[in-house]
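J.: Pulled the feature table from Swiss-Prot, pasting it below:
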type: BINDING; residues: Thr29, Gly30, Ser31, Thr32, Asp85, Gly86, Ala87, Asp88, Lys98, Gly99, Gly100, Gly101, Lys125; note: substrate binding site
type: ACT_SITE; residues: Glu107; note: active site, proton acceptor
Amino acid sequence: MKDSKELKIMTVDDAVAQIEDNMVLGIGTGSTIELLIPKLAERIHKEQLNITGVCTSNKSAFIAKKLDINVVDINDVGHVDLAIDGADEVDVNINLIKGGGGALFREKVIDEMAHRFVVLADESKLVNYLGESFKLPVEVDKFNWFHIAKKIEAFDDIITERRMSDDVPFITDNGNYILDCQLNKQIDPYQFHEYLIHLTGVLETGYFLNITDQVIVGTQDGVKIINKSN
């Protein structure tokens, strides 16, 4: 039986094959993307492709630059042709929960800009509904994080935790906290997102709704492609 890393590796080649010369490419964040970036660099240099990368996190930018991928600031490009990223959950409508790596705001900016957004995932990420197995990350301002948490908990039997890293609060690339929200039952993601995004101090939620074009899934039986239904 293949482990999670092996399943992720299976998805990478299909994603790299979608790269074309002269693209502005959105490069995501997380363990799957860290497997993708070296393969991406290999193809760019082997075929001498002109690729401009915009990265969803400082970590991804560091890795890409180290492999001599041309990386620029998001404000230096007018569009993104293709964005490739991972996901923490994928539901039956290929809506997502993202943000396990703490980069959800920048991920959403780039993924929404992209003409085409492709997600890489192993089969363990496929769920019946969002929040079934992974906590929903919400990026919040440090100033009033505790009060935001209480308002989130008041919504509908939700448990929040401020994300920690090495016994100190995790800080995003934007200088904010992450609240991880445990949903104890199925909740309408559109309704909950609207509630959250209007709370003062909330920067963004980990719901990625109606923006995914394709999911490449690594399974024990091979690669499965799920395309957005028209």
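Note: Cβ is positioned from N, Cα and C throughout, glycine not excepted.
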J.: With a radius of 8 angstroms around the mean position of the C-beta atoms of Thr29, Gly30, Ser31, Thr32, Asp85, Gly86, Ala87, Asp88, Lys98, Gly99, Gly100, Gly101, Lys125, what other residues of the same chain does the substrate site pick up?
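T.: Going along the sequence, the neighbours come out as Gly28, Ile33, Glu107.
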J.: Relative to the Cβ of Thr29 (substrate binding site), which residues of the same chain, six or more apart in sequence, are found under 8 Å away?
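T.: Same-chain residues close to Thr29 (substrate binding site) (Cβ under 8 Å, separated by 6 or more) are Cys55, Thr56, Ser57, Lys59, Ser60, Asp85, Gly86, Gly101, Gly102, Ala103, Arg106, Glu107.
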J.: If I restrict to non-local contacts, at least six residues apart, and a C-beta distance under 8 angstroms, what lies near Ser31 (substrate binding site) in its own chain?
T.: Lys5, Lys8, Gly86
J.: Among all the protein chains here, how many other CB atoms are within 10 A of the CB of Lys98 (substrate binding site)?
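T.: Around Lys98 (substrate binding site), other Cβ atoms within 10 Å: 28.
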J.: So the record assigns Thr29, Gly30, Ser31, Thr32, Asp85, Gly86, Ala87, Asp88, Lys98, Gly99, Gly100, Gly101, Lys125 to substrate. If I measure every Cα pair among those residues, what is the longest distance in angstrom, as a whole number?
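T.: Farthest-apart Cα atoms in Thr29, Gly30, Ser31, Thr32, Asp85, Gly86, Ala87, Asp88, Lys98, Gly99, Gly100, Gly101, Lys125 are separated by 16 Å.
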J.: As a test of the contact definition, list every same-chain residue at least 6 positions from Gly100 (substrate binding site) whose Cβ is closer than 8 Å to its Cβ.
T.: Gly30, Asp88, Phe134, Pro137
J.: Taking the Cβ of Ala87 (substrate binding site) as the reference point, list residues of the same chain whose Cβ is under 8 angstroms away and which are at least six residues distant in sequence.
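T.: Those within reach of Ala87 (substrate binding site), by Cβ under 8 Å and sequence separation of 6 or more, are Leu96, Ile97, Lys98, Val119, Leu120, Ala121, Lys125, Phe208, Val215.
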